[in-house]
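Take a look at the structure below.
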Amino acid sequence: LAEATLAGGCCPGASRNRFAYNEAGQVRIRAGLPIYECNSRCRCGAECPNRVVQRGIRYDLCIFRTGDGRGWGVRTLQRIRKNSFVMEYVGEIITSEEAERRGQVYDRQGATYLFDLDYVEDVYTVDAAHYGNISHFVNHSCDPNLQVYNVFIENLDQRLPRIALFATRPIRAGEELTFDYNMH
């Protein structure tokens, strides 16, 4: 395989995908296309420009109580550049059948933290109700400042993408972070 020679030992080329990031680590492909980051099979190191999501959250973020009855929200404490990785939506991976069952319970409680992993087929769902990170508190908006991307690192099973949230525009310090829960 020529994968080791592509881009100095990096592997997006091995799966015939272009690098998803520019030199500053900003996403440069359109939403809807998958991102393939380097992984343990690559010869590159931790500082490789194709290792962005796997480095985790790099911004100071804050959970706050919204003033308009939407419950909790997340705001950034520092400026975020357009197309920058902000956070990953993480939680327990469950089957869609289990998500259906839990969803009915969550609906009665008036809250849900389910995120369908339906990049290729709707088999699995991420449930952030009991296990997760700050992404669990990000609210919905029809005019969001975050965009969802499907990312593959160690696992290349297209039914199990990692869910990464990138800035759709420059975001000011103190601004609430949102994404469209109904994006397609």
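Cβ from N, Cα, C; glycine included.
A quick note: this is a predicted structure, and the numbers were derived from the prediction, not measured.
Now, the feature entries from TrEMBL:
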{"type": "BINDING", "residues": "C10", "note": "Zn(2+) 1 binding site"}
{"type": "BINDING", "residues": "C11, C38, C42", "note": "Zn(2+) 2 binding site"}
{"type": "BINDING", "residues": "C38, C44, C48", "note": "Zn(2+) 3 binding site"}
{"type": "BINDING", "residues": "C142", "note": "Zn(2+) 4 binding site"}
{"type": "DOMAIN", "residues": "6-56", "note": "domain 'Pre-SET'"}
{"type": "DOMAIN", "residues": "59-182", "note": "domain 'SET'"}
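Ranked by Cβ neighbours within 10 A across all protein chains shown, the binding-site residues C38, C44, C48, C142 are led by C38. Cα spacing between C48 (Zn(2+) 3 binding site) and C142 (Zn(2+) 4 binding site): 34 Å, rounded to the nearest whole number.
C142 (Zn(2+) 4 binding site) sits 39 Å from C42 (Zn(2+) 2 binding site), counting Cα to Cα. Counted with DSSP, the domain 'SET' (59-182) comes out as 18 helix, 48 strand, 58 coil.
Residue environment of C42 (Zn(2+) 2 binding site) contains 21 other Cβ atoms, counted within 10 Å of its Cβ in all protein chains.
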